[in-house]
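Comments concern the structure below.
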Amino acid sequence: SILQICSLECQKSHDISSASEDRNQLTYLVTDAPPWYLCIFLAIQHCLTAFGATISIPLILSEGLCLQHDSLTQSHLINSIFFVSGLCTLLQVTFGVRLPILQGGTFSLLTPTMAMLSMPQWECPAWTRNASLVDTSLLVFKEEWQIRLRNLQGSIMVASLLQIVVGFSGVIGFLMRFIGPLTIAPTITLIGLSLFESSAAKAGTHWGISAMTTLLIILFSQYLRLIPVPVPAYNKIKKLHTSKFYIFQRFSILLGIVVSWLFCYILTVSDVLPSNPAHYGHLARTDVKGNVISDASWFTFPYPGQWGVPAVSLAGVFGLMSGIFCTMAESVGDYYACAKLSGAPPPPRHAINRGIGVQGLGSLLAGAFGTGNGTTSFSENVAVLGITKVSSRRVILLSGVFMILIGIFGKISAVITTIPDPVVGGMFMVMFGVITATGISNLQSTDMNSSRTIFIFGFSMFSALSIPNWIVKNPGSLHTGVKEVDHVLHILLTTNMFVGGFLGFILDNTIPGTKRERGLPDREHEDVSDKFSASLELYDLPFGITSFLSSQSWVRYVPFCPWRDRDTDGRTEDNNVMLRRGSELSSHGEIVEMR
């Protein structure tokens, strides 16, 4: 009968919906604790994912620091940035925003840094560019690069104070009430889109190897991820037995890198890949940086002031402040993306304030240790959460420990440097694609049938791609007569994330529109806590600090401290506000994944 047919169709639709929900379901939530052996492999995967971006920053800086022919000092810089990145990760996950988000070096500071080092007084002498004239043991050579690095690290330390003040003072949290999906979507989307050039540059060193890496990751993460692999297991009840393990889903990135890395090694030892650096495909060899392994020491211990007493350059401070501002905008977008992929509610104001403040402390530490860079959240590691479906905070904490160990054991970082560029490029093609899609998904709570929404998002995106491109091609177009102002304007207007997010913010808050059009539904009293896989309590401070502070009435006025109102059934006052905010930013609470 018609009723029976309708019943069967409804049941089929329900089964399809249930299968889709199972496909999107997280394996481990933020507060979950996977088995120790699983944590180790997942933490290694995160370290490898962040490795390419981490080592590229010191290598790019080496030319401006006159270190292009001093591989040993380059390895020390790599150890330092790994050590500080691990330390900042532990601080961020424990006392900062408390999301499973990795900290590392930031490309936003590279442009103002290189602009600072290109000034006439810091231009490298001609003899430092000639490998035959450079003796790395001479005191005069050490002074050449150390004086530059000391001025750079002092400027970074002063510029980082801006981030510390903005975070802990609550300015970022105050701005969150004006930031909706039409501000967040362009910012996160452009994080991925703005990195297409660096991804293509690495992948282009050997498109065959890069394509293989990308296809392997897609194969493991999408086509084979629901196929279990029997592995030996043991417990007291079943003794030795086999258990189903979804290895392709949980280690798709790691497997893709390892298989491609091994393939490159085979091609290297068999001399299939060209040994001539001038020939295409040479950078796919695993012995390109082989001298780093022999030159690196077994143990190295980075410490503050290891290059001498930091100095300050006023022009450098102003330029670096603009880069610091961009890292804050990027990190706020990453916090929302990380929460979305982790099945957590959007972070409350006190967590965002702490996250930015702790990140400022991380940049202060990075400057003190002399990494030549600051710190920010790693977008590519946020993408790993969406692919592996493992968002455990414990995994990221262990990743931080591993990064500290890599910074101490010089030989470990030297071995990892043999990962060929096309393998890293292939991985980036997948990672940044997921970040781009995550940004666009923020528009799901807005009215995409509205011309207002289409105009704001489209104009913000197109302008963020057009304006920086024009300024880069016309570097002399910004000339105010004040060099520091020129540096600030150049950095801000050539940063896609800043241009897109700023335009989206201004237009969304000035063009009249309903809450539905803006993605801010009028559901002031709706409880949406059941729409998320995790509770807002995950943003509380650890070690019972939140419970202790709850008895202090003055805590409610501290912007970076959660305050629990005992008269509202144990729910924090800030939680009530953010539950409504969660309804506004993620109306159906779905978890985004790469499709």
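Each Cβ is built from the backbone N, Cα and C atoms, and glycine gets one as well.
Tertiary neighbourhood of the transmembrane segment (35-61): same-chain residues 67, 74, 77-78, 81-82, 85, 102, 104-105, 107, 110, 113-114, 202, 250-251, 253-254, 257, 371-373, 378, 380-381, 384, 388, 390, 392, 394-396, 398-399, 401-403, 406, 413, 416-417, 419, 424, 427-428, 431, selected by CB-CB distance under 8 Å and a gap of 6+ residues from either end. Taken from TrEMBL, the feature transmembrane segment covers 35-61 (among others).
Residues or ranges marked as transmembrane segment in TrEMBL: 81-101 (among others).
Taken from TrEMBL, the feature transmembrane segment covers 156-175 (among others). Sequence-distant neighbours of the transmembrane segment (156-175) (same chain, 6+ residues past either end, Cβ-Cβ under 8 Å): 109, 310, 312, 316-317, 320-321, 323-325, 327-328, 332, 349-350, 352-361, 363-364, 366-368, 372-374, 559-560.
Sequence annotations record features per position, and here TrEMBL assigns transmembrane segment to 207-226 (among others). Using a Cβ-Cβ cut-off under 8 Å and counting only residues 6 or more beyond its ends in the same chain, the transmembrane segment (207-226) has close neighbours at 23, 246, 248-249, 251-253, 255-257, 259-260, 263-264, 284, 387-388, 420, 422-423, 425-427, 429-430, 594.
Feature annotation from TrEMBL assigns transmembrane segment to 247-268 (among others). Tertiary proximity for the transmembrane segment (247-268) is limited to same-chain residues at least six positions away from its ends with a CB under 8 Å from its CB atoms, namely 27, 38, 41-42, 44-45, 48-49, 209, 212-214, 216-217, 220-221, 224-227, 229, 231, 284-287, 384, 387-390, 418-420, 422-423, 426-427, 430.
Here the transmembrane segment (307-326) has long-range neighbours at 106, 108-113, 115-116, 119, 146-147, 149-160, 162-163, 360, 363, 367-368, 370, 374, 483-485, 487-488, 491-492, 495, 497-498, meaning same-chain residues at least 6 beyond its ends whose C-beta is under 8 angstroms from one of its own. Positions annotated as transmembrane segment by TrEMBL: 307-326 (among others).
Sequence-distant contacts of the transmembrane segment (395-416) (same chain, at least 6 residues past either end, Cβ-Cβ under 8 Å): 28, 34, 39-40, 42-44, 46-48, 50-51, 55, 75, 78-90, 93-94, 100-103, 292-293, 295-302, 381. Sequence annotations record features per position, and here TrEMBL assigns transmembrane segment to 395-416 (among others).
The transmembrane segment annotation in TrEMBL covers 422-441 (among others).
What TrEMBL lists as transmembrane segment is 453-472 (among others). Sequence-distant contacts of the transmembrane segment (453-472), counting only residues of its own chain at least 6 positions beyond either end whose CB sits under 8 Å from a CB of the stretch, comprise 182, 185-186, 189-190, 193, 443, 446-447, 478, 490, 493-497, 499-501, 503-504, 507-508, 511, 513, 517-518.
Sequence annotations record features per position, and here TrEMBL assigns transmembrane segment to 487-507 (among others).
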Cβ-Cβ under 8 Å with the transmembrane segment (487-507): same-chain residues at least 6 beyond its ends: 108, 111-112, 115, 178-179, 182-187, 189-191, 193-194, 315, 318-319, 321-323, 325-326, 329-330, 333, 455-457, 459-461, 463-465, 467-468, 471-472, 475, 478, 480
